[in-house]
């Protein structure tokens, strides 16, 4: 039996910044008709792991196989790919950031928010996270968000959002926002950002929806409900579903506890209340805390009330399908790992991470495909074309919808078959990812050993060509004819304006490249891209510059190597 050790330092923080708003939050039950039923599913956790130090938030990475758990002055990465054996991979105990209450993941980056500091980490290798930037921003932060190269931090003392551009892996403040018409002593507790809309959980003032397509000039769309629509309000946590047709508003109050509201926001100018999920029937402190929505399922944490899962395919009639609690365990978090396999709950009272079975039906009984491919030859010379054939890949209950190749030298391709030539000797791991018609994936890899039977680069040619993209001219194709006596390699460097996003596509056999038909591509987030590939004799190189976003002049520098 665990010793009861629930720490309410977070509430002390809220009281210090919220004043009367936090005091008014205590007490009161739900005012709507209950939308729950007695739980009929209780499956024990699949696995647990002890976390060293004081813990708070826990989130999962994009592929659901790694959890990131915040500590007071750092964070821990946990491998949950085997839900029955969660394993700590990295433990960063002293990041220089103190009082960390929130963590957010987007792609290969982790955003930490502390009492006065924020930090950004590269987590491309979860076992070896590295700090990109950190600084003292001069105000207390309880919650945050990270998406599409923008970090959002709540300035607790004044209840505003501060936005930072992190596209260069450092914090560059680009704006602050607070909607007008708030009451006295406003308290902004949390936020959610999706598809250029920011949803702001103002404790007693409702949940505004804000257009941030231009983050330097946010514009209020409307309010899910203002502070007078439901009482007590206590808007603590918000999240929308995938198409933003519904929003959940988690409400927090100690004492009798509060639940989770579900609202229809398909038309954000005409929202409507659908249902409320009441607190569980057992547990000491059992008010709602953090939640997650994946597909048609809502995952929620309730402190001592445990963790729960509701089917919200009919959001007006949510149905509880899972509930687990244990005495002296208090959950801060409920977040999905791999849909259909697991979700996590962070017991911050005992600093332990739980991995639970996911009862949600995310895609039915779909079986994953099996990836396989042949490569010929597997021991080519520099510049020699290698053919890849993935026709042996299979799907037991459907069809394969996509094939994506990574050739190991920074180049990629797509399609059931592909070709590639290497510009330099070495060993390259080729990876194939197949995706079936239900979204399941599988991967296969093979080692290609490239030898150098002649010095590639003994002869060289280079040229630079300029172009211009705009709304009336969103892409340009050009052809480069090789000039050396025995072409063996080529490099293409694209340089465009800083504010634009241009992509680069290349073919090596004279055909015209398109976004769907190419040999190599480089598609980063900016307008500067590069590709290097091998050549096997004289040919025409096709080059497509595609303007994904923005406009302006660009240059393409082509470097050819020959023997």
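Just so you know, the numbers here start at 1 and follow the chain as drawn.
Even glycines carry a Cβ here, placed using N, Cα and C.
Database features, via TrEMBL:
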type     : residues : note
COMPBIAS : 513-522  : compositional bias 'Basic and acidic residues'
COMPBIAS : 523-533  : compositional bias 'Low complexity'
DOMAIN   : 369-450  : domain 'PKD'
REGION   : 360-397  : region 'Disordered'
REGION   : 513-537  : region 'Disordered'
Same-chain residue ranges lying at least 6 outside the compositional bias 'Low complexity' (523-533) that approach it to Cβ under 8 Å: 149, 167, 409-411, 420-423, 489-498, 500-504, 506, 508, 548, 550, 552, 554
Contact set, same chain, for the compositional bias 'Basic and acidic residues' (513-522): CB under 8 Å, 6 or more residues outside the stretch: 407, 410-414, 418-420, 477, 494, 503-507, 529-531, 533, 542-544, 546
Structural state census, the region 'Disordered' (513-537) (DSSP three-state): 0 helix, 9 strand, 16 coil
Residue distribution over DSSP helix, strand and coil in the region 'Disordered' (360-397): 0 helix, 11 strand, 27 coil
